[in-house]
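Structure first, then comments.
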Amino acid sequence: MEKPSREAFEGNNKLLIGIVLSVITFWLFAQSLVNVVPILEDSFNTDIGTVNIAVSITALFSGMFVVGAGGLADKYGRIKLTNIGIILNILGSLLIIISNIPLLLIIGRLIQGLSAACIMPATLSIIKSYYIGKDRQRALSYWSIGSWGGSGVCSFFGGAVATLLGWRWIFILSIIISLIALFLIKGTPETKSKSISLNKFDIKGLVLLVIMLLSLNILITKGSELGVSSLLFITLLAIAIGSFSLFIVLEKRATNPLIDFKLFKNKAYTGATASNFLLNGVAGTLIVANTFVQRGLGYSSLQAGSLSITYLVMVLIMIRVGEKLLQTLGCKKPMLIGTGVLIVGECLISLTFLPEILYVICCIIGYLFFGLGLGIYATPSTDTAIANAPLEKVGVAAGIYKMASALGGAFGVALSGAVYAIVSNMTNIYTGAMIALWLNAGMGILSFVIILLLVPKQNDTQL
């Protein structure tokens, strides 16, 4: 049950613009570092391993804490958590740009991950509270433009800003956007859930989740260097499995769990969240394809980012189309169509054995299908997850959904990068890129199957 103050307030364009601007602080600005790794190596006078940690740690920490932040948004207020997230982004951005110390770069990126963890579930909950029916679907479309669209633009945006203005301007602009978002959201009535206000926060669950995900991330990113038979690898694997098992047991017994597994009794919510995890995992495509054309074809970072222009254009256009398809066809068909089109695009981008000109053409067309598919999928998937969450748990439900987004992206990039490196060392860079991109296509196929089996034609909105 919501606080009475929200009953007299209806979401407007001012609030929606503020929400979208807060969302792109992560999906556009923070994620844009994927295309400026060599520049950061020179600027901070450090090795690629340190820079890769800084690049990936934002999505990882966002994924680890987003569910807990969703619970805090329900308990203490969604407007409050959104504002805290925006302020954290400003702080993180300042730490990144004020010096050339690698440690401050990593700390700043970590804080940006916490910022995204606060912003994503809180803003989805605000949309659930203050927008109804078609207005909510429209608001979710623009929210998706901020997230999916931001992720589509980030590669080109990062390369362009770094080349034309210098990489620090990425975060200077992020600070400016954050201040505008704070101004636009100011004055919005607070919205929170009364039903869980007296419950204790699940610290044990959060600690176990962090231990599990950090162990798993190290296994993926450093596993080939450690060796599967090494003591450290086996120890980390045991920690990951043990913490996961203990997490499941404790969460099922907890009165106010970090992850409420009762939410997954709804097949539509489960299908939307699982497919969302996998389709965010195909973010590994950008890392692999960008690295391949730079190392294999000799392209610059700006040229590499330019190949994905069709992706960013199509994802921005098709998100609103996905909204219209949602209104006319329901959730399932657009989600299936979008995923199917994405798989076709992924396969085209994987044709690294072709001559350069033919591959570039396939890449441009492939990115077009990639953006087309994600754009169609985005709004129906988000609407399915939010519509199938009870109002008093919408913050937690949104947190789990966006946890799937962040962790899907983090582990998709890690897995794709690991496969690319291992296969390239065993064979050559062309085969390595192709196999890594096939991995991404496989995640798309699995997502298609999950949607087909779990998302009903007519969603039951009661859990």
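Note that Cβ sites are derived from N, Cα and C of the backbone, with glycine treated the same way.
What Swiss-Prot records for 17-37, 53-73, 86-106, 107-127, 142-162, 201-221, 230-250, 273-293, 299-319, 357-377, 403-423, 435-455 (among others) is transmembrane segment.
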Short question: which residues 6 or more past the ends of the transmembrane segment (403-423) have a Cβ under 8 Å from it? 34, 52, 56, 59-60, 62-64, 66-67, 116-117, 120, 147, 151, 213, 216-217, 220-221, 223-224, 273-274, 276-285, 287-288, 291-292, 431-433, 435-437, 439-440, 443
The transmembrane segment (273-293) touching the transmembrane segment (357-377) per 3+ Cβ pairs under 8 Å rule: yes
Intrachain residues whose Cβ lies under 8 Å of the transmembrane segment (230-250), provided they are six or more past its termini: 204-205, 208-209, 211-212, 215-216, 218-219, 223, 257
Can you say which of 107-127, 142-162, 201-221, 273-293, 299-319 has the most Cβ pairs under 8 Å with the transmembrane segment (17-37)? 142-162
